[in-house]
Amino acid sequence: PALFMENARKGSIVSRANSIGSTSASSVPNTDDEDSDYHQESYKESYKDKRRRAHTQAEQKRRDAIKKGYNDLQAIVPTCEQQDFSIGSQKLSKAIVLQKTIDYIQFLHKEKKKQEEEVSTLRKDVMALKIMKVNYEQIVKAHQDNPNEGKNQISDEVKFNVFQGIMDSLFQSFNASISVTSFQELSACVFSWIEEHCKPQTLRDIVIGVLHKVKSQLY
């Protein structure tokens, strides 16, 4: 019996020691592996936050750029600054700003085309004036070189016949080429007629033909 009691006492002591060991082990802090998992999870959450923040900032920049673009359009397009009584004093919507911008661009295209046509007409006017200038310079030069040539040798009647013949010839082409529907059309036709039928060589041929005709009548 004494031996049995001694063994029982030793077994109880071992059992209590094992119980204390397991309790102490359960209270020990996390190991290195558990710390690594915890830090990795925290890093993942931080990376997601950074991506979300970057996306939010990019989206905000995009919206700010769009807003600035619409504000610039309203400042550039004159019709956006004018009051629209159909919508009152409320802020213009993006759709209205875009429509007004499209209308303004179309207006500018029409104005550009109109100005190009005006420039073309002015170029024709300049060309006609240059031709007239050259002709007058030649006349003045010829008169300066021979100031007394033909003086008191031709009667006024002959001069008038020459002038009439030249004008009759020019009027035929003028009457066939000129339209008098409007002043603008008349102006355009006149300059076109001058460029085509009043060239120095053409006028020279007309004058020579008239002179031959008058000469045949006189002699």
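Keep in mind that glycine also has a Cβ here, set from the backbone N, Cα and C atoms.
The coiled coil annotation in TrEMBL falls on one of the ranges 77-104, 105-132, 189-216, namely 105-132. The average pLDDT for the domain 'BHLH' (50-108) in the predicted structure is 84. Same-chain residues lying 6+ beyond the ends of the coiled coil (105-132) with a Cβ under 8 Å from its Cβ atoms: 187-188, 191-192, 194-195, 198-200. When DSSP labels each residue, the compositional bias 'Basic and acidic residues' (56-65) comes out as 10 helix, 0 strand, 0 coil, counted as helix, strand and coil in that order.
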